[in-house]
Amino acid sequence: MKSLALALLVGGAIASGPQQQVLREPVDDPQAAETPLQKISDIFGHLSEQAGNVWEDVMDKFPDTLMDAITQTPPPKKHNRRPDSQWDHIVRGSDVQAVWVEGDAGEKHRKVGGRLDTYDLRVKAVDPSNLGIDTVKQYSGYLDDNENDKHLFYWFFESRNDPKNDPVVLWLNGGPGCSSLTGLFLELGPSSITKQLKVKYNEFSWNSNASVIFLDQPVNVGYSYSSSSVSNTQAAGKDVYALLTLFFEQFPEYSQQDFHIAGESYAGHYIPVFASEIMSHSHRNINLKSILVGNGLTDPLSQYPHYRPMACGEGGYPAVLSSSSCQAMDNALPRCLAMIQACYNTESRWSCVPASIYCNNALIGPYQRSGMNPYDVRSKCEGGNLCYTQLDDISKYLNQDAVMESLGAEVSSYESCNMDINRNFLFQGDWMQPYMRVVPTLLTQMPVLIYAGDADFICNWLGNKAWTEALEYPGHDEFAAAEMKNLTSLNHEDMKVIGQVKSAGNFTFMRLFGGGHMVPMDQPEASLEFFNRWLGGEWSAKSP
């Protein structure tokens, strides 16, 4: 959930902030006399003349608050590590890494690839009766990267149906920097949280026919913590690979089932990269069969041109913005696309950060200032930067001592989104990176589903359809030419149409009617149906 959370703040800040002086009055202290551009150069390294010109231009509208955002270092999250005796299982990555096996041809190789010796996995068997979230078997705990003092929290729910045979799914929320426990309690998990902080059973939970792992990543998100940080998608992928490898080592009974990665929003960055990391290891215990990305940000160059149409009445819903605002967005688009293209060409922070700042201000800022919900064009923002008051209820629930004790949480407090992480990813240039470039290889290895609720603005269905049709890969022409067909529910006698779908080879795009940024929250029954049908192989959910 919540892709572009900081981007909205950046867009609004630039648009509403006063014009800043790039050069300040002379002072005696040379350090104090540095221009903002020089300070950024000190942080990022050498600045080329071309990049400097771009930054000078962008920083004409760069408020002091953003300079503070670049340079500030957040304090580590307060935590209290529990003794090993309080955990039911501890898997040592060094032990797993030391295991060698013999191949069919007699050659010896490590049982699983990748560097694991710095990692441990701690596991707590959660008593279902303590919290009442679900009656199924549950595990929670931490992946520890001892070398870098990183600790990722996870919560596993077994399938309600047939856990010995049902697939296993990893769920990831976005942000970057938002907890996947938001997905658990607001969208697709076994229960939601009421305003009275009581649990309410969800009959349309995605663990109806699959076991689901909810992971708080990267570090310092949700119950996760670290004295260090992760500020790019590729680094986060190493941690996720280690967690899954050690989890399936501890629980081999789940490692034989099909495994899928699903998520939304900034997970459009995460999931292709994480899947690529997994598949890069020829010897692995992760039986990855497909990926699913909902309302994701994956190819900004193809997606950003569709902010204006979605905000201005061309996405299936009434216009939110005035004609003058729409024209201003049109006017800004060519420069935005040129800056994104420069980011694609260099994959450098110097090019990618200005592209994020300029484009988010020009194309997202106008919508943010409208007061409408960027995650659902049908409603106003309810308050706060993330527009959903339910997030406060979830945070209050997860901050209760009894809940934290039941789960083995080690942090002093829980927050749904960590804006420090969001900022770090933005200013590392991760935002505009062309991560769709790894998708063509994935399509040779597994089916890929891109789905989108059609009422979302921030990662809208128009942009997601556009990038799937623009993707350069051998099956491009066949997919681009495929028709959008009605997606009809099989659960209703009246053959209710719940969306549209197009599919060719291993690539599928799906539009879900009446869903916002969080489809499982807005359309719980329809989301569970398409999820089950995807896992069942109706489209391409069988590996070639």
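Each residue, glycine too, has its Cβ placed from N, Cα and C.
Here Swiss-Prot annotates a disulfide bond for C359; of C326, C336, C381, C387, the partner residue is C336. Swiss-Prot marks one residue of N209, N486 with the annotation N-linked glycosylation site, and that residue is N209. Checking C312, C343 against Swiss-Prot, the residue bonded to C326 by a disulphide is C312. N209 (N-linked glycosylation site) has C178 as its nearest neighbour among the disulfide-bonded residues C178, C312, C336, C343, going by CA to CA distance. Within 10 Å of the C-beta of C387 (disulfide bond) there are 20 other C-beta atoms, taking all protein chains into account. Taking S265, D456, H517 as the active-site residues under consideration, the smallest Cα distance to C178 (disulfide bond) is found for S265.
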